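One structure is given below, encoded as C-alpha cells.
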Amino acid sequence: MKNGAENLCRILENAKLNPENVKRDDYISWEEYFMAVTIATSHRSKDPATQVGCVLVNEDNHIVGAGYNGFPNGISDDEYPWGKQSENPLETKYTYVVHAEMNAIMNATARQLKNCRLYTTRFPCNECAKLVIQARIGEIIYLDDKEEQWQSQAARKMFNTARIPTRKYQKTGRKIVIEL
Ligand SMILES: O=c1ccn([C@H]2C[C@H](O)[C@@H](COP(=O)(O)O)O2)c(=O)[nH]1
Ligand SMILES: [Zn+2]
C-alpha cells in the first residue's frame with residue numbers, strides 16, 4: 001500500500017516537472033476499440049439493407065478474425081440478388097449470403113477459438129449460434145439485439161443452455177472521426 005502511494009506521488013511529481021513525459025489519458029478502452037473495429041468491418045458489406053460486422057478477440061486481446069455479411073468467394077455481388085422478398089427463394093439474398101459471424105470464424109487466423117470474445121454489431125442468429133458454440137467461443141458482445149426475431153430467440157436459448165454469456169455493448173458516447 002505504501003509503495004502504491006509512493007508510486008502515485010512519483011507519477012504526480014513527474015507530471016508536474018515534465019508534463020510532456022506523461023501518457024495521454026483520452027485513449028479509447030479495449031471495449032471501445034474492438035467495437036469500433038467491428039463497426040468499421042460492417043462497412044465492407046454490400047448488403048443494401050443490413051450491414052453486419054464481427055470480430056473475434058483472443059484472451060491476449062489480439063484480433064484473430066473479422067468478417068462481414070456477404071456472398072461466398074467467387075459469387076458475384078452484382079449478379080446475385082440483394083433483395084429480401086420473392087416467392088422464389090432463388091431470388092433472395094438469404095439463400096446465398098454468408099453471415100458476418102460465419103465469415104469471422106472461417107477467416108480466423110487461429111484454429112483454436114476457445115474462450116475468444118465475439119464482438120458483433122447484431123445479435124447472432126440461430127445458425128451462427130451453433131457455430132459459435134461448436135467453436136467454444138467464450139462470450140458474445142453485441143451492439144443491437146433482434147429480440148423480436150425467432151432466430152435471435154433460438155440463439156439466446158442455445159447460448160443460455162451452453163452457458164455462453166452474452167452482453168449488450170454499453171455505449172460510452174465517445175466519438176472517433178476517421179477521414180478516409
Ligand atoms: O447472425 C446474423 C444474421 C444476419 N446476418 C446478415 C444476413 C443478411 O445479409 C442480413 C439480414 O438481412 P435483413 O435485411 O436484416 O433481413 O444480416 C448476419 O450477418 N448475421
Ligand atoms: Zn447468422
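Every residue gets a Cβ built from N, Cα and C, even glycine.
Quick look at what TrEMBL lists:
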| type | residues | note |
| --- | --- | --- |
| ACT_SITE | Glu101 | active site, proton donor |
| BINDING | His99, Cys125, Cys128 | Zn(2+) binding site |
| DOMAIN | 29-158 | domain 'CMP/dCMP-type deaminase' |
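Structural mapping of features recorded in TrEMBL.
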| residue | record | Cβ neighbours (10 Å) |
| --- | --- | --- |
| His99 | Zn(2+) binding site | 21 |
| Glu101 | active site, proton donor | 30 |
| Cys125 | Zn(2+) binding site | 19 |
| Cys128 | Zn(2+) binding site | 25 |
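Across the structure, Cys128 (Zn(2+) binding site) and Glu101 (active site, proton donor) place their CA atoms 6 angstrom apart.
Mean model confidence of the domain 'CMP/dCMP-type deaminase' (29-158) amounts to 97 (pLDDT, 0 to 100 scale). Here the Cα atom of Cys125 (Zn(2+) binding site) is found 9 Å from that of the residue listed as 'active site, proton donor'.
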